[in-house]
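Asker: Okay, handing you the structure first.
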Amino acid sequence: ASFTISLHKEDNTTVTIKLGPTLSPSCRIRMKYVIMSELKIKPGDNVTFTFTCSTPEKYFIMEIKKNIDCMSGPCPYGDVHLYPPGLPRLNRTYIWDVQASTKAGLELKFSTPWLRQIEPGEMCPDSISYNINSSIDKATVNIGTFCRNGSVSRIKLLGGVVMSLHLPWHSLLITSGFNIANRASIKRLCIIESILKGESSITLMSPNYPLGFPEDELMTWQFVIPPNLRASVFFHNYSLSNCERKEERVEYYIPGSPSNPEVFKLSDSQPANIAGSFNMSLQGCDQDAQNPGVLRLLFQVVIQHPQVDENVTHLVDLSKEKNMTVKIHLEGWPSQSPLMSEPICLICKDPRTCDRVVTLTSGAVYRISFLCKDLSRLRITAEKGIGCMDIRWCQRKIYSLSVPKVITRLPIRLHMFIWKLLATDLINVEITSPSLKLQQHVQGQRCNTSYSYSIVSATPETELNVGVFCPGGSIEKIQMRNNITISLKTFGKGSINESVPQDLKMSFVPHIKDECTFTVSPNPKSKVYLETPNWLHGLPPYVSISWFIIVPNKQTARLGFSKDRMGIACETGRAFVNIKEEALGAEEIVRREDELLPQPRIMHHNFWVNVSNCKPVDKTQLVLQFWVTLADKQIDLGIILAVVAGAGVLTAIGLTVYCVKKKKKKTQNPMVGVYNANVNTQMPGKKGFFRKGRQNNESHVYAVIDDAVVYGHLLKESNGVAPEVDVYRPFDGPFLPPSLPPSPPPFSFRKDSKRSSNIEEERPPLTDTGQDTYTFAHQKSGQSGDSGDANKKGKGDTSVPLLENKEMGGLVE
């Protein structure tokens, strides 16, 4: 096709057609007999040309530049037209360079649907964009890039303006979409007017964004808001320059405000819930010449209807709390995009200080209100720190790890409450749940409550995820080393309020042996599952974990492991599982990482389970799960028969004693003490043990003297009541020293050791193997012993030491 372009000289318009970024030697411009790759048409020219290809829009672009003089002559007010007509359909850019004095600024007015500012590099949906630059003397300031369909209705600029319109080759736009309204002195860089109708959200940027706002400049945004709507301003991205004089700030002029202009720093929370139209100005400063820095600002204005309950306030009294922060935020914060595409929930500290995220700190009282149609989108995340630097001051203190009522009473769901427990190296943390106890969230035993606790122990080198726990289980106590983070997190539709009990306590304790120790009191009605910490990544190298399982007196426990082996290979050291029952002489079961784990077994007493890791090979990880169940003890039938037989024997002895006493009462002769000459009364010659030959002599036979004769005068003095004397009672207290977890073999032994359970330790006998007994005999009437024989027999056995007189005190006469 042939194209003819005719330019009037007085229009000051130049048209340039040139190759775009994609070069093609097969497509050129032909004018008569000349073939060229670029064509420039000046004012007053009349040119006819063709292209050597059928799709020139793929290779050529066109630039139409018009100079408008508003300084020496009258300014051409009114609509700016797309001139000249009849241009070929190429990607084209119209440029209007309007020259004006800084004493008389220019006003550009845009026709509906107005303009919307976009960030550098962002594309418009229809590929039609406007770029506006202010020209002051020889300096050029980029006011911004805009798409169609927005809220920017007018822009007033100081000095001249360079306006660019980019159209794709397929665009059917026939008007520029703006006009030059008038000239007026504005005494600032620019004024941008934005008209908002209905609930919406707009994003705007400072000039030259993101390169930097000009030094010591001032600009203003004017927002036209219907009286029935409310506006809130949010700063999303800003930076400050290095000021030598003055101060960078934001000023608001809000009709009806008692302190216009209201001055804010860029770091402050900006005004919210503004009723009616308002102005916002950005003021720069004199920058440091050596290090000027960059002043830039990207912000958002959200328009929404006033809420019915915006005047309802909620008291949040944190005056008695310490080291606590509370954040109220939208669901998904902070991962969500900072920009808002629709009206959202706002949290207000006061009627004009609102934001999507509000932080409350301890030691203050707040009155919170909400600009939100749906409070279910809001969440609370809180954090509290508890520290101990000296065990003498905090060892006996018990801290309650419960969510304060001022938080649970808010009409917002608690997302997470975090306790950070900080202590020195020699101070550890103990977690207890006296009434509810804790259940570990593991496979086969999942939490079904409305919230759970995640416990993490951390040092600068390693982090140990102890596990996830919820109330209503069997774990009474957890002792941990290092700094601890406990996170209460709600899930499902659950919530924390006064109807849901909380029973988590914390205290600081002296240094413990293992990395973590659990005390477990199994529920007799269910199987308890327990697993090693750091389940997803495996137990860290050389870490030792212990469980102390409490078994009630009338019950037994069955212990079993969920798999046959530990499933790891050690590069350095050995991994062990130790099982130790708290009973005298109980066998300690030890299994190495290359051995089978114990089969399910019955435990009759409290017992320990200890897992100690080595340094695993490659990516193998130590993860271990075991279970415990309780059952009632089964009474042996033989024991029952023995008890019944014993009771019968005691009954017979009682009857015999009764008959003897009754016969004695019939005898009138008083009872007297009888001297037994057969009893050995000599002091032994040496100390030692009874020899077995002692059964053949009578050195262990004692005469029995009736107590009523020897101590009769005492009974008379006490009116027949026996005086109080020491009586032996069976010992029923703790039989073993205080409970300690089993100690795994030292690392030097772990490198090459045999299974200790196969080696039977030799223990000293608990009783004398001679089975000698003391015999108590009544002397029969007329029977006498040979004292000489007795003495001879006594010389043969002098191993029982008699007490010295001074040791016997007044009992030896």
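We count from 1, first residue shown onward.
From the backbone N, Cα and C atoms, a Cβ is placed for every residue, glycine too.
Quick paste from TrEMBL:
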COMPBIAS  736-747  compositional bias 'Pro residues'
COMPBIAS  749-765  compositional bias 'Basic and acidic residues'
COMPBIAS  768-786  compositional bias 'Polar residues'
DOMAIN    3-70  domain 'CDCP1 first CUB'
DOMAIN    79-182  domain 'CDCP1 second and fifth CUB'
DOMAIN    188-293  domain 'CDCP1 third and sixth CUB'
DOMAIN    315-403  domain 'CDCP1 fourth CUB'
DOMAIN    415-499  domain 'CDCP1 second and fifth CUB'
DOMAIN    514-627  domain 'CDCP1 third and sixth CUB'
REGION    736-813  region 'Disordered'
TRANSMEM  637-660  transmembrane segment
Asker: Could you put numbers on the helix, strand and coil content of the domain 'CDCP1 fourth CUB' (315-403), residue by residue per DSSP?
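Answerer: Counting residues by DSSP class gives 7 helix, 42 strand, 40 coil.
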Asker: Check the domain 'CDCP1 first CUB' (3-70) against each of 79-182, 188-293, 415-499 and return whichever range has the most CB pairs under 8 Å.
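Answerer: Stretch with the highest Cβ contact count: 79-182.
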Asker: How does the domain 'CDCP1 second and fifth CUB' (79-182) divide up by DSSP, counting helix, then strand, then coil residues?
Answerer: 0 helix, 62 strand, 42 coil
Asker: May I have the DSSP-based helix, strand and coil counts for the residues of the domain 'CDCP1 third and sixth CUB' (514-627)?
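Answerer: Looking at the domain 'CDCP1 third and sixth CUB' (514-627) with DSSP, the answer is 0 helix, 50 strand, 64 coil.
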Asker: The domain 'CDCP1 third and sixth CUB' (514-627): mean pLDDT?
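Answerer: Here the mean pLDDT over the domain 'CDCP1 third and sixth CUB' (514-627) amounts to 93.
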Asker: Using DSSP, how many residues in the domain 'CDCP1 third and sixth CUB' (188-293) fall into helix, strand and coil?
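Answerer: Taking the domain 'CDCP1 third and sixth CUB' (188-293) as a whole: 0 helix, 54 strand, 52 coil.
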